[in-house]
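**Q** Below you'll find the structure I mean.
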């Protein structure tokens, strides 16, 4: 039988003091009741909840999990339940629920109970036989004596020193925790809940004397003040061992492990107690985790009746703290009286139940429930909830009357210009902060305070707290900041430092706590305001009055937006301050650290705000949609909104003419695409936002949506810039080639293009017939026919450009329809127009990324370990585009060694976004055998990367480097350089290859070029080339003998074969070179040498590691930090590039070993920092991605990272970023529009005059004829000619595009004039939404799949292409 449970509470402590006695517990929440759907939630641990959903108070109370009735168990005979074997961990802890419990039919002498038996405890034990009394000795031990802690001896739990030891037949883990905000509302409930259970289970039905002994023992125990001190502070921790009903925990397997003895230690004695760290990661959720299986290392079943030193010391320290810090709490007397009345009533009910019938038991059960509800509603929510909120708010220091105002002293004389500018920026910081604090005070004083005092209340207390949640805490954070700021401002002229004040003030957890909860609640608060404005005119009138009374007429919404905008403002101010802080200034490093802190904080807040808004919008869409099934579909927890856009749907007829247009709203969710018509409900008040309803047009799975782009056929990517003579290579032919993907462009433009293609075909037939002529005619021969063909080809190119220009805002989607009668799939087409070209490009890229995320290979792409919300969200995970071998011949002996990426300038066009919109170049990959090397060139010119060339090299390739085109500064009007690109190496991009034999080879790298080696020369003493780096005028080679060779450019643009300078650094190989502004960083051994580019002298030296034998292998720079990796070990080190200070160490083995079984040794084999990620290739073949800031601050790792499930079968040898050149090469752009090589001379001759003729014709009659000859001739001759192409012209602006009636409607709606020049300008404004990263190694595998021996062909050199979403660009 069970003695009454005891609730022990800790005094009211602040967070720092709680950490002293809470056994270093990271998670201090007791097991909460299952919350209702809209139940109010508070989270003192700052865990990331679903933003925008925290505060919805419309739901009633729900019975806690511990108070629910157990499911009825089937009847069995005898005491079989007590003899049932204990379930093992492998059974997922299900035994506590599935073991049948015997229902007694009569009182019998019970058998001895196994302490590890599984017993289902119902509220009054009506389904259980009386717990047997094993022996008189055990009876004297204390079966009927109440205690402070229920101590299941097999688990080795702690017992108060003044209480006897018990031998219970069942147990549950001791819970040691601190109550959170919402738990305070449940603590008294647990008190009242579990006391009657204890009574009902402990009082024997045959003896009332035992009850008296219990009461007297309880009275003696309660007489000790140390044992009743907990009642003075009912707000703190609970030490409780009362078994919960329907508990999922296994009584025979406890969650605490013997740390000292490991698996062999079964004793929890004074010598082998628990360390306090054992409580670090255990919370009450462990019970639920047992249901899914706890790791065996955390389970223990062989314990003895001993005490732990740690828990004894913990108890003594806890009792001392209680005596020292105990304070009276309002309402304690009432709670005690209520508890005594309830206990007395429960004792009578239990006694009546034991002597009564089954009907009496049911009445008792109902009475207990009513008692619980009474305790919950009367004594708790009405009284303790408000005090609990006030207590939580008091955790923040009230500094309203303590902070001085920051005043900048008068400017002294003799300051430098930089000091003057810094003082002005400091003044901006002070003024900005003062205005911000005033805005926060206005929220509280002009809105919250009057609303709370208003009678009758227009906002309930609950809604008032929701609207102004955490504003006071944010104000207190900034009041503390103002204290530090005022102190620093007063001594500015002597200190001139501000960065450390920002770091100290905004790196505190309380700042992130307050802002995070404010941002998470913002959407809910705004929704409450909108709803109240619409339903209560008095509230709307109050807002109007306050706005009109304010000097700047700022609305409440604008004031509430200021906390969300605050950190971006800080970042801009600190960036200005940093720009005016010279290197070597003591404030420079603190400013960079402050930028890092603020950027990390702002990024988290922005992401949470975005997530909250998206989830809130999904809920609003679900409410406003007219389809019930879609409402349920949108309510799914795993579905989130990517974006919603207003577009104009265009309906065409069979001839390509516009029939009608209609405004639509297109919703892109992570797996569904929906199109709806927006219908607004008008409101009588213009200030009240009218509610919107959506009439659904269609919804389709996102994975089945295809965006059809003009010219998006396979293989056209390579030909789009160098179109061939023959029309089948033209982009326009795609419309006829694929009937199921017919492109529906502007009607007249499309028809003109079809006419041109028809005429080109006719001219081809005429050309053949002319060849059959017997006579020789001056104006009718093969040369004239070629002129006709060339002129038509130019017209086709121009017309395609016009269509692309018209398509800069057009999106054509192929969508799945219903199956036809034969069961075959059908498709329908929808054409939309966006309002700007940038929206279209962004939308198509979002579609491509969302579809990529739905692919099977990305369902389990990365393993993440959550770290208090600092993990990378799934929406930002790199997505695997694909993997491919990079060998032409099947020669598996080649192994990947290095790579270099050559970005290509390309004619950007918004109408042609593809999956590789940020990569249009070539990846050169070097592979090696033991004696020779091989180079494979992979093209990223179209949507599918492919190997375009592969050739061998005489020696093993150890390093590669891309050398861009040398920037030439020509005077305006100067003649072009007469040298050809084939002769001058600096006019074309090149790839430098360093080999083991000590040679450097220079290869030409440009589109369409085959293997062209421009140079080949040897290093001094033919020393092996380990690394390469370059500037525009110098090439540097790190050699195996510890030297760096510097080569200068020759007058013809090539590299001198003899080094300009050889810089000797040491005897160890120079494994890594890195250019940083005007210095070269060279790693030799464990040191980094900083070499001046101008003087070739060593300016500085960095010792990266003090241990002997640590050799630097890789370096990566970002902002003002440099990450350094070593050939052995798994540690990365971060150093400041200006002061060379050691800032951070990261061990990548930690996340890798969390995913991979065992503890395999690993090292870093490649390194890359890009777009907020530090990507690390490992010797085990897996990638590790760690989050880092993106601005010019310090790139420290800001959270635990991710480990890729996609891996190579060998070390990851390289990680490169595939970028695109954003600046266009105008010469190449012009060349790309030139006709093909045949007949090249005639085309070059005719290009200029033909363009002039077209331009002149475009100003006249749109039906004027086109001249296709090789000379202009006279206007009379041209007027006598005719053309079937009608209104065609060579001008960039087509008359059909501007004046045709069927096209005018859509362009009037879009208000977007179309021209090639404006198109080119818009292309520069468009922002990329993703980036490509390529890694290489041997083969490809999925981690955690069934291990099998890979085939030989699976070990071929392979690259994996990743696409990284850029959410914050």
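Glycine is no exception: its Cβ is also placed from the backbone N, Cα and C atoms.
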**Q** Pick from 911, 1005, 1287, 1301: which one does Swiss-Prot list as phosphoserine?
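**A** Swiss-Prot records phosphoserine at 1287.
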**Q** According to Swiss-Prot, which listed range is coiled coil: 252-303, 304-355?
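**A** Checking Swiss-Prot against the ranges 252-303, 304-355, the coiled coil one is 304-355.
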**Q** With respect to Swiss-Prot, which of the residues 393, 419, 1106, 1338 bears the note N5-methylglutamine?
**A** 1338
**Q** Under a criterion of Cβ-Cβ distance under 8 Å and sequence separation of at least 6, what residues of the same chain contact residue 1338 (N5-methylglutamine)?
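**A** 895, 896, 1208, 1209, 1210, 1355, 1356, 1357, 1358 - these are the non-local Cβ neighbours of residue 1338 (N5-methylglutamine), listed in sequence order.
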**Q** Work out the three-state DSSP category of residue 1338 (N5-methylglutamine).
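**A** Once the DSSP labels are grouped into three classes, residue 1338 (N5-methylglutamine) ends up as strand.
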**Q** Summarise the model confidence on the coiled coil (304-355) as a single mean pLDDT, whole number.
**A** 61
